[in-house]
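Here the structure is laid out as structure tokens; the discussion comes afterwards.
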Amino acid sequence: LACLLVASSLLTSLLACSKLVIKLWQCCSNNLSTRYFLNGLVQACYQVVLVDKLSTACRQLATRLLSSTDLLQVVPTTCYRPAIQQLVNKLLACLLACSKLVIKLLACSKLVNKLACSKLVNKLLKAVHLCYYDFQDGNNSECHDDCWAVKDWSARKGTRSSLSMGQSLSFSEDSSKGRKLLRAIPRQITQALQADILWSMGYTGEDVKVAIFDTGLHKQHPHFKNIKDRTNWTNEKSMDDGLGHGTFVAGVIASSKECLGFAPDAELHIYRVFTNNQVSYTSWFLDAFNYAILNKVNVLNLSIGGPDFMDQPFVDKVWELTANGVIMVSAIGNDGPLYGTLNNPADQMDVIGVGGINFEDQIARFSSRGMTTWELPAGYGRVKPDIVTYGSGVRGSNLRGGCRSLSGTSVASPVVAGAISLLLSSVRHRGDVINPASMKQALLASARRVPDANIFEQGHGKLDLIKAYQVLSSYKPQASLSPSYVDLTECPYMWPYCVQPLYAFGLPVIVNVTILNGMGVTGSVVGKPVWHPYLPQNGDRIDISFSYSQILWPWSGFLALSIRVTPASSTWSGIAQGHVALNISSPPQGDEMERRMSLIKLPVKVKIIPTPDRSKRILWDQYHNLRYPPGYFPRDNLKMRNNPLDWNGDHVHTNFRDMFNYITKQGYFVEVLGSPFTCFNASHY
């Protein structure tokens, strides 16, 4: 039935659009600026087919499908799935063939009546409800410029690998084309997140300064009413957007017409840091960052990213930005479903790293997964992304006007940046209470869990705008932890920790927790973290040691837990629980006389089993893994990605994840060595 509905919907759309396309074909007899026209129509050319181009068999079946009251009677029950699947395949082939014809037509035609054809284009875009690219794996792209498909944007020369755009728009691991088709209809993102509730209360982003580091924006674009400042940091003379990416991102944040943004009254500060050839330099970003600090922007969106967290000047400048109160939001990357593929700066503790989901609340396949790899090989990575939101088939502003749809984490990032801008306008009266850490705390505390996704896929969960508003309205300065608890029995959310229990004489399990300090940009850990076992819950059967940031700056630090089972529990099985207590202190603010203090508790829960036999224990040597290259090295060839060869960390929980899952399912226990060979007993393995 799903396949029948797919075919029916597809044919309905094709037949409805055919007459408009024919009229468009007839009126194209004079030349028009190809750039203007292509930007409006190339999006539609992948969704339109002329009925005359369909085979006779397809037309006959289309007629039967559209006129039948009972779709199941169209073909015999025993073979309807293969038959309809063949039809869908034929229709997709027709779509691709006709799209090439339309592109050729636009490339060589001339328009006599620019206005008439523009109206036809608008009608066509409104009539079309299907996206060809939802049936593709991303490798068959025939797209150019501003169409819906996405290409791998070249980097800031010598640094960032890409503007984080979805490399593949196959939104789900489910291979059902029917499900992907139904998901293809673009959604109004502000409606999906209920921004209208805050609008009705009078909050629209007013007085909030939003910086957008991207490809620029046209000054006279009809969707924007408050473009406060535009600057160009590239070696080109124009400040206008020649690619459409920056326009789309700005539209998601602050469009006031058609495809509405979250904060239409926000002040837009446009920083053009990419050329029309998609080239940028670290120095351009550093200069632009300094200007953003000077302008005292409140929110900064970076729909870019790269694996080069070893690019220290860039990382340091991001720290300086957030230390100056700038709330930075950045795309987590589009290298999913691989693990350990997080992009910088989204993987930094002081930045809000955003992953993508589709409108069925499933983690988008393209969204990069954690853990962070800064800490490898001796330590263990942190949890990222921080939060996820809609990033598949989102509508936003087109280059010169109108709307289009895009997918990728660079779409999800401005969704969060726009939501933050709207939230800021609702709590402006709270003054210094709102800062990069407190905003992040509110988003994480209010996020809703995505079912069947682990913590390295979704972080704290899906953005909930209204609940975040409620949290911010009553927020009091405090410190918190991310994740807020450690439950090694909770699957699938706590993967990989929940895959295998702990046991005596095993290597310690490391959990790296992020400390968020909403009390001030600087802070410190008072005393030492303390483990409090719950004796009735067998908490004394585990020992926990700590490594942590004594100084928290900017707004954050880390707390690493090294958990091991006591030798006396080698034959015991059960659940052990307790909590870790941590005191955080920050300098007084404003008229306060005393330092701010916050006590944090981290609940811990682990499952313990008797120590397994040596034949079932496997040791993974992570400590002697060499990072190559050992530092950051710029590249001259823009066509070659500058990924370290072991970007994923060569860890059993990143690029060796499948092997880890297979081995553990066979009944083996994998332990990770993060220390020299002299620090473990080889006779146990």
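Glycine is treated like the rest: Cβ placed from N, Cα and C.
According to TrEMBL, the feature domain 'Peptidase S8/S53' maps to 205-461.
If you draw a 10 Å sphere around the CB of Asp214 (active site, charge relay system), it holds 26 other CB atoms from the protein chains shown. The DSSP secondary structure for Asp214 (active site, charge relay system) is strand. Taken from TrEMBL, the feature active site, charge relay system covers Asp214 (among others).
In the three-state DSSP classification, His245 (active site, charge relay system) falls within a helix. Annotated active site, charge relay system per TrEMBL: His245 (among others), in sequence order.
A 10 Å cutoff on Cβ-Cβ distances gives Ser410 (active site, charge relay system) a total of 33 other Cβ atoms nearby, all chains included. The active site, charge relay system feature in TrEMBL is assigned to Ser410 (among others).
Over the domain 'MBTPS1 third' (482-611) the predicted model carries a mean pLDDT of 97. Positions annotated as domain 'MBTPS1 third' by TrEMBL: 482-611.
The feature domain 'MBTPS1 fourth' is assigned by TrEMBL to 612-685.
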Please report the Cα separation of His245 (active site, charge relay system) and Asp214 (active site, charge relay system) in Å, rounded to an integer.
7
Could you state the CA-to-CA distance between Ser410 (active site, charge relay system) and Asp214 (active site, charge relay system) to the nearest Å?
10
